[in-house]
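Asker: This structure is in structure tokens; I'll ask about it shortly.
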Amino acid sequence: MEYLKFNKWFSKAATATVATTLLLGGGVQAFAEENDASDLKTDSAFTQITRNDMLNIFKQQGKEKYEVPSFDASTIKNIPSAMGRDSSGKLIDFDVWDSWPLQNADGTVANYKGYNIVFGLAGDPKRGEDTFIYLFYQKAGNTSLSGWKNAGRVFKDNDKLLANDPILKNQSEEWSGSATLTSDGQVRLFYTSRQPYDPNNKLYGKQTLSTAQINVSQPDDKTLKIDGVEDLKSIYDGGDGKIYQNVQQSVGVDMDNHTFRDPHYVEDQGHKYIIFEANTGTETGYQGEDSIQNPAYYGGNKKFFTEEQQNLLQSPKKKGAELANGALGIVELNDDYTLKNVMPPLIASNLVTDEIERANVFKMNGLWYLFTSTRGSKVTVDAIGDDDIYMLGYVSTSLTGPYKPLNGTGLVLHQDLDRDDITWTYAHFAIPQGKGNNVVVSSYMTNRGLFPDHKSTFAPSFLLNIKGSKTSVVKNGILEQGQITIDPEKDKKEPQNEYGKK
């Protein structure tokens, strides 16, 4: 794992025994000695997911402690309440994929009037553009799939117009985000506003971090109701492209996969932040042919750099690697949830992948844990297969880093099922429980629109044990479909046997 240092924000010089020093974009990067197999450690601004990391992840995957548990397809059910109208007005079963709970400021699941709330992307399985946010709720303590009720779509069609926001007026879809219960008891949603791809009208699928207050009432002791939204507004779209790539920079660039989405809200020492999926900008390590010459993106030692560079130059994935500049970004917000300060990335994946998704961060047992999902089909390292699915994780003593990879490489979860498998899962989301070392991992199961009877649904959740810089899937830790909480006092499951020693 390599760390990039940018003098614009950090002035302390890196110290290390080096064979070569590379200056790039105002940053300092150094090699470990050629016969030193360990990565160079520097005091730095942000972490780089390197090609060496991915090759080491390939060697780790398959170990049971990193594998998403196997699920019995015959037991998987659609969410009973996930129903809506198709384009003809007929009531149908909806797909539900990416989802996230209403959380307290510390990341634990919030209790809203005696209920747990989950926001999820849902829509008609036959219409990919039918992608909007719905609100599901369940009595706190109830963990059954049938316990989830559907309050319906969060936004009305005309909310985006009433917002009087120049970006939101062209919104065509609603993509993933997060939600927090504020100190005054309000439900604050953060989401991705996505515009259509319509070049004739100069619209290029722009993604924008956005927010709104969701008014939720309780008309009776069995029901939550959406009573409209307030303060709907866009927050940030990449700005001038110097720190994070904006959509205009990707227009006309063949194979460029622009990302700017999945805002995850977090608080630290009285400050408000959003962590999000992005791509690096022109001043933070941009994409392009020069990336192949940058040892910082390879990791390892000089020998590895020389050999891996030659492999990449001959690889059919070379073009994709040149354009790969995924990042987990961070911005600070004002108290009214407007943009206050754009900060350098926490993690970047130049020369590896354009997509590190579903940013998720929380503080647990005195340390900050940062997680992200990625697909092997987007990774430009030959050893990684198209069916490989990952949740990667990192740890730091500070929200703003620098972050070091969990388990030595960053590998936390892996799955390599065929995408047509009913038990295929993605968008894994770790949820802290307030006490203990176990977190609940939720996700969705079954790809969208593949089966007439099986819809995308809440996957069975499972437990992940986190201790310091090590993680392990908990043996026999499979929970109910869509379960987001456990009782830490009653659930003492820890890794055992092949899952590692306590």
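Keep in mind that glycine also has a Cβ here, set from the backbone N, Cα and C atoms.
Here's the feature list from TrEMBL:
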type	residues	note
SIGNAL	1-32	signal peptide
BINDING	TRP97, SER176, ARG261, ASP262, GLU355, ILE356, GLU357, ARG375	substrate binding site
BINDING	ASP256, GLN287, ASN325, ASP354	Ca(2+) binding site
SITE	ASP262	site 'Transition state stabilizer'
ACT_SITE	GLU357	active site, proton donor/acceptor
Asker: For GLU357 (substrate binding site), find which of the binding-site residues ASP256, GLN287, ASN325 come within 10 Å, Cα to Cα.
Answerer: none
Asker: Which of these binding-site residues is closest to TRP97 (substrate binding site) if you go by CA atoms: ASP256, GLN287, ASN325, ASP354?
Answerer: ASP354
Asker: Where the record says TRP97, SER176, ARG261, ASP262, GLU355, ILE356, GLU357, ARG375 bind substrate, what is the longest distance in Å from one Cα to another among those residues?
Answerer: 18
Asker: What's the CA to CA span in angstrom from SER176 (substrate binding site) over to GLN287 (Ca(2+) binding site)?
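Answerer: Answer for this pair: 25 Å between alpha carbons.
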Asker: Just checking the binding-site residues ARG261, ASP262, ARG375: which sit within 10 A of ASN325 (Ca(2+) binding site), CA to CA?
Answerer: none
Asker: Rounded to a whole number, how many Å is the Cα of ASP354 (Ca(2+) binding site) away from the Cα of ARG261 (substrate binding site)?
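Answerer: Computed Cα spacing between ASP354 (Ca(2+) binding site) and ARG261 (substrate binding site) is 13 Å.
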Asker: List nothing but the one residue from ARG261, ARG375 whose Cβ has the fewest other Cβ atoms within 10 Å; the candidates are the binding-site residues.
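Answerer: Checked ARG261, ARG375; of these binding-site residues, fewest Cβ neighbours within 10 Å: ARG375.
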Asker: ASP354 (Ca(2+) binding site) has how many other Cβ neighbours within 10 Å of its own Cβ?
Answerer: 27
Asker: ASP256 (Ca(2+) binding site) to ASP262 (substrate binding site): how many Å between their Cα atoms?
Answerer: 19
Asker: Round to a whole number and give the Cα-to-Cα distance in Å for the pair ASP262 (substrate binding site) and GLN287 (Ca(2+) binding site).
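Answerer: Rounded to the nearest whole number, the Cα-Cα distance is 21 Å.
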Asker: In Å, rounded, how far does the Cα of ARG261 (substrate binding site) sit from the Cα of GLN287 (Ca(2+) binding site)?
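Answerer: It is 19 Å, counting Cα to Cα.
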Asker: Name them in sequence order: residues not among ASP256, GLN287, ASN325, ASP354 whose Cβ is within 8 Å of the mean position of the Cβ atoms defining the Ca(2+) site.
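Answerer: Same chain, not in ASP256, GLN287, ASN325, ASP354, Cβ within 8 Å: GLN245, SER250, ASN257, HIS258, ASN279, THR280, LEU323, ALA324, GLY326.
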Asker: Compared by Cα position, which of the binding-site residues GLU355, ILE356, ARG375 is the closest one to GLN287 (Ca(2+) binding site)?
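Answerer: Considering only the listed binding-site residues, the nearest one is GLU355.
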Asker: What is the one among the binding-site residues SER176, GLN287, ASN325 whose Cβ has the most other Cβ atoms less than or equal to 10 Å away?
Answerer: ASN325
Asker: Which residues in the same chain, at least 6 apart in sequence, have a Cβ under 8 Å from the Cβ of GLU355 (substrate binding site)?
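Answerer: Sequence-distant Cβ neighbours: ASN257, THR259, GLU277, GLY326, THR374, ARG375, LYS378.
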